[in-house]
Amino acid sequence: MIHVYYDKDANLGLLEEKMIAVLGYGSQGHAQAQNLKDSGLNVIVGLRKGSSSWKKAESDGFRVFKTSEAVKRADIIQVLIPDEVQSRVYKEDIEPYLEEGNALVFSHGFNIHFGQIVPPDNVDIFMVAPKSPGHLVRRMYLEGKGVPGLLAVEQDYSGKAKELGLAYAKGIGCTKAGVIETTFKEETETDLFGEQAVLCGGVTSLVKAGFEVLVEAGYQPEIAYFECLNELKLIVDLMFEGGLTKMRHSISDTAQYGDLMVGPRIVNDNVKDEMRSVLKEIQSGEFAKKWILENKANRPVFNALTSKDENHLIEKVGKKLRDMMPWINE
């Protein structure tokens, strides 16, 4: 049964005497740090020497320290740096300076779940993961609202890890919308699956395939772009607002009939079987192992495939058409 927690379930007072170090000042880092500070908590920012975010964090009113120094000063350490560098930074700048009773916080479980970070037994480990990009986490907080979040406890040395996690979630505004209890395993595996099979890998491959089929059949690339990529936002926005039902109530009956009859032919049982294979690769750690090795080898496959897609016809056509729609960036 799902457990959801709200403001009334969280005690911000548990953090009032704590020093919180937010490591990283990117999308989530800047939002979480500012929300915590505006909630009246003691927050410092930890960054690598020479970070381009150093001056930005200072201009936002934070005391900024090198990562290792921030860890030394903190009771609660939120690790908001990219997955692929977390393990190295942990070994060099976090682990040597951890003290008994500290709490390590994450917003994604990759490195804990796949054993790339193995903290000592005498610290708390929990996750608070807002389910929105950082700019929205910040904007909703400023509007007196919040975005939903996830909470997971991996290690409860203090006996209060869950309570500390809920307090942290309240500090960044998530308990206003609701915080769902999960595990590091569930968050990590479902997050990776969603990215690979649906949100990123699935969608980009579907869009490219549709575009290519139309162009190969002799249709103008610009028309193919509008039909297969540009209008995608309109449909996704409707689904975001009210699920499949609102989307289908908002499109023509012709479009809905095509949706119902043709959709299952495209995403058929073979596709679901492939999705199951992808999920098994995630669950077994095979994907994590490949990604870790790819980074150690300086990303040859990652860079080659990224470059290939950046030079795809759909990108060239898209740039030209987006230049005709200046309101997109308003």
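From the backbone N, Cα and C atoms, a Cβ is placed for every residue, glycine too.
If you check Swiss-Prot, you get these features:
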type	residues	note
ACT_SITE	HIS108	active site
BINDING	TYR25, GLY26, SER27, GLN28, ARG48, SER51, SER53, ASP83, GLU84, VAL85, GLN86, GLY134	NADP(+) binding site
BINDING	ASP191, GLU227, GLU231	Mg(2+) 2 binding site
BINDING	ASP191, GLU195	Mg(2+) 1 binding site
BINDING	SER252	substrate binding site
DOMAIN	2-182	domain 'KARI N-terminal Rossmann'
DOMAIN	183-328	domain 'KARI C-terminal knotted'
Per DSSP, three-state class assigned to GLU231 (Mg(2+) 2 binding site): coil
DSSP-derived structure type at ASP191 (Mg(2+) 2 binding site), helix or strand or else coil: helix
Lowest local Cβ density (other Cβ within 10 Å) among binding-site residues: SER53, GLN86, SER252: SER252
Fewest-neighbour residue among binding-site residues, criterion Cβ within 10 Å, set ASP191, GLU227: GLU227
DSSP three-state assignment (helix, strand or coil) for SER53 (NADP(+) binding site): coil
Packing count at SER27 (NADP(+) binding site) (other Cβ atoms within 10 Å of its Cβ): 15
Rounded to the nearest Å - Cα separation of SER252 (substrate binding site) and GLU195 (Mg(2+) 1 binding site): 29
Cβ-Cβ distance under 8 Å to TYR25 (NADP(+) binding site), same chain, at least six residues away: ALA33, VAL45, LEU47, SER51, SER53, LYS56, ALA57, LEU80
